Amino acid sequence: MQQPFNYPYPQIYWVDSSASSPWAPPGTVLPCPTSVPRRPGQRRPPPPPPPPPLPPPPPSPLPPLPLPPLKKRGNHSTGLCLLVMFFMVLVALVGLGLGMFQLFHLQKELAELRESTSQKHTASSLEKQIGHPSPPPEKKEQRKVAHLTGKPNSRSMPLEWEDTYGIVLLSGVKYKKGGLVINETGLYFVYSKVYFRGQSCTNLPLSHKVYMRNSKYPQDLVMMEGKMMSYCTTGQMWAHSSYLGAVFNLTSADHLYVNVSELSLVNFEESQTFFGLYKL
């Protein structure tokens with residue numbers, strides 16, 4: 001029995017993943033032609049194995065990490081230099097401002113001084129033209145004062161005084177031969193102190209006086225006098241002081257002196273025995 005061999009073969013499909021067709025996208029299954037004749041006694045070929053599954057698409061690569069920005073060493077130093085320059089410029093501007101302020105102040109003072117000087121000059125010129133000259137400047141009056149201290153080598157009357165060393169003072173008054181000479185008439189306060197002392201008391205009367213000499217008077221004029229009686233205990237050591245002081249109207253050329261009754265009993269220490277005056 002003959003079998004008909006003209007029955008159609010089943011369609012066979014080939015897959016070509018690498019081939020590309022202008023009208024089909026990649027990976028499309030194309031059918032094989034059905035008109036391929038089968039040979040006699042040829043068996044039907046086994047069906048082709050199924051195509052292997054397509055590998056999964058590779059994972060998308062991660063984007064590269066951004067590189068850290070490189071630090072620019074020059075930026076730090078440049079900023080520091082700019083800051084220093086800014087402060088230097090600021091200090092210079094401040095100094096310039098202070099200098100201008102001082103200059104303005106000095107110019108203002110100079111202008112005021114010139115104005116006051118011109119006003120004084122104008123006033124003096126007007127006074128000269130009118131005939132009323134400005135009064136002369138007042139002279140500072142020299143103070144009339146004297147303070148003399150005891151002189152240990154004094155051996156005669158009237159008492160001599162120290163007028164150079166120690167705590168002495170002479171101004172506007174002369175000292176001549178134990179006396180103070182008045183140069184200007186006026187009111188004066190005259191004072192004198194004498195310190196007496198002895199090893200053994202004899203109770204001799206002691207006197208202390210200030211007197212004045214002037215060519216107008218025929219004899220000495222006693223101004224002040226002090227007398228001491230019974231001032232100590234007989235036979236014992238003793239010390240006593242006598243002080244005189246008063247205000248007098250003295251005239252020019254008056255000479256003032258001090259006299260005591262017992263010169264040998266006088267202690268001439270500068271703080272104990274002295275003579276002076278001053279004008280009121």
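The backbone N, Cα and C atoms fix where each Cβ goes, and this holds for glycine too.
Swiss-Prot lists 1-80 with the feature topological domain 'Cytoplasmic', giving sequence analysis as the kind of evidence.
Per Swiss-Prot, region 'Disordered' is recorded for 20-70 (among others).
The compositional bias 'Pro residues' feature in Swiss-Prot is assigned to 43-69.
Look at Swiss-Prot and you will find 81-101 tagged as transmembrane segment, backed by sequence analysis.
The feature topological domain 'Extracellular' is assigned by Swiss-Prot to 102-280, with sequence analysis given as support.
Annotation comment: Swiss-Prot describes 117-155 (among others) as region 'Disordered'.
For 144-280, the entry in Swiss-Prot reads domain 'THD', with the evidence type sequence analysis. Taken together, the residues of the domain 'THD' (144-280) have an average pLDDT of 92.
If you draw a 10 Å sphere around the CB of N183 (N-linked glycosylation site), it holds 13 other CB atoms from the protein chains shown. The N-linked glycosylation site annotation in Swiss-Prot covers N183 (among others) and is backed by sequence analysis.
Residues or ranges marked as disulfide bond by Swiss-Prot: C201-C232. A 10 Å cutoff on Cβ-Cβ distances gives C201 (disulfide bond) a total of 16 other Cβ atoms nearby, all chains included.
Secondary structure at N249 (N-linked glycosylation site), taken from DSSP and collapsed to helix, strand or coil, is strand. The 10 Å shell around the Cβ of N249 (N-linked glycosylation site) contains 10 further Cβ atoms across the protein chains shown. Residues or ranges marked as N-linked glycosylation site by Swiss-Prot on the basis of sequence analysis: N249 (among others).
As annotated by Swiss-Prot, N-linked glycosylation site applies to N259 (among others). Counted within 10 Å of its Cβ, the other Cβ atoms near N259 (N-linked glycosylation site) come to 19, all protein chains included.
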Same-chain residues near the transmembrane segment (81-101), Cβ under 8 Å, at least 6 residues beyond its ends: none
Euclidean distance between Cα atoms of C201 (disulfide bond) and N249 (N-linked glycosylation site), Å: 39
Secondary structure of N259 (N-linked glycosylation site) (DSSP, helix/strand/coil): strand
Length of the line joining the Cα atoms of N259 (N-linked glycosylation site) and C232 (disulfide bond), in Å: 21
